[in-house]
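Sequence annotations record features per position, and here TrEMBL assigns transmembrane segment to 26-47, 59-78, 198-220, 232-251, 271-290. Summarising the annotation, TrEMBL assigns domain 'G-protein coupled receptors family 1 profile' to 41-288.
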Amino acid sequence: MREENKSSTLDFILLGVTGQQEQEDFFFILFLFVYPIALIGNLLTILAIHSDIRLHNHMYCFLANLSFVDIFFSSVTLPKMLANHLLGTEAVSFGGCLRQIHLIIALDNTDNYILAAMADDHAVAISRPLHYTTIMSPRSCVLLVVGSWVVGNANALPHTLLTVGLSFCGSQKVANFYCYIASLLKLSCSNIHFNVKMIYLGIGVFSVPLLCIVISYVHVFSTVLQVPSTKGVLKAFSTCGSHLTVVSLYYGTIMGMYFRPLTSYSLKDAVITVMYMAMTPMLNPFIYSFRSRDMKSALGKLFSKRISS
Ligand SMILES: *[C@@H]1O[C@H](CO)[C@@H](O)[C@H](O)[C@H]1NC(C)=O
């Protein structure tokens with residue numbers, strides 16, 4: 001008879017980024033720096049945008065919300081990893097595991113839709129500047145942002161519920177530093193056929209916003225090429241440069257993460273996972289703040305206000 005564990009009382013063991021002690025120490029130190037930088041960077045972005053009236057427009061509304069999502073996203077896995085390393089434990093409860101699985105998929109989807117909304121906003125601003133205010137009404141940012149959260153969570157829910165139904169036999173050792181859904185499926189002794197199909201479907205759904213981004217940029221580039229002028233190219237580049245950088249970084253790591261056999265895991269995958277979990281959310285505020293003169297001046301004012309008061 002097979003020994004089945006009831007999943008509700010189960011603890012999982014997180015083996016870490018690579019599972020090698022010295023490398024775990026290195027990643028601990030790395031995350032110890034990366035996590036606070038990600039929090040502070042994203043928090044400052046939100047504060048700067050809210051404090052500067054000139055930044056109260058769609059693009060910065062999306063950017064503030066992107067930072068808001070990224071604060072949550074890095075808080076799902078990094079503090080747990082840091083705490084476990086400090087306490088010398090590797091355990092995570094099944095409930096904690098489920099929470100990580102749900103939040104990672106939900107927030108990732110939300111990020112994805114916000115990036116698509118930003119691309120759409122850029123495309124309208126550049127290719128139909130005269131209609132911008134009628135197409136992008138003040139309410140549309142609220143709608144798009146709320147929609148992103150709802151759709152993100154709706155996309156995650158089936159995966160979470162399917163994972164609740166799994167039973168686990170024998171080893172509960174997750175070969176990762178967080179509860180990665182594919183690593184969990186690998187450990188289950190249930191039939192995971194349907195779960196795997198749902199993940200591939202999820203990746204398909206995930207590609208819809210990417211398609212919107214590609215279409216938006218086709219519009220942007222065709223507009224710029226129709227009336228080729230240095231000024232137009234520069235305007236398009238200054239509007240879209242940061243967004244394109246963030247999008248490339250984001251989808252580059254996402255594709256590295258998910259467009260590979262779901263159940264294999266090597267050192268290369270570990271590096272991609274760290275990029276995806278820790279680096280991307282940290283880098284976004286820097287990419288935007290370094291490139292945008294408005295952001296820099298808003299941040300400067302934020303600090304001088306603090307110092308003078
Ligand atoms: C996100 O967008 C909403 C809707 O426009 C806005 O009210 C809110 O302040 C934004 N969130 C953050 C953290 O800036």
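Each Cβ is built from the backbone N, Cα and C atoms, and glycine gets one as well.
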Best-contacting stretch, by C-beta pairs under 8 Å, relative to the transmembrane segment (26-47) and drawn from 198-220, 232-251, 271-290: 271-290
Cβ contacts under 8 Å made by the transmembrane segment (59-78) with residues that lie 6+ beyond its boundaries: 31, 34-35, 38-39, 41-43, 45-46, 49-50, 99-100, 103-104, 107-108, 110-111, 114-115, 117-118, 121-122, 125, 141, 144-145, 148, 177-178, 239, 277-278, 280-282, 284-285, 288, 294
Contact set, same chain, for the transmembrane segment (198-220): CB under 8 Å, 6 or more residues outside the stretch: 105, 108-109, 112-113, 115-116, 119-120, 122-123, 126-127, 155, 158-159, 162, 181-182, 185, 236, 240, 244, 247, 251, 254, 258-259, 262
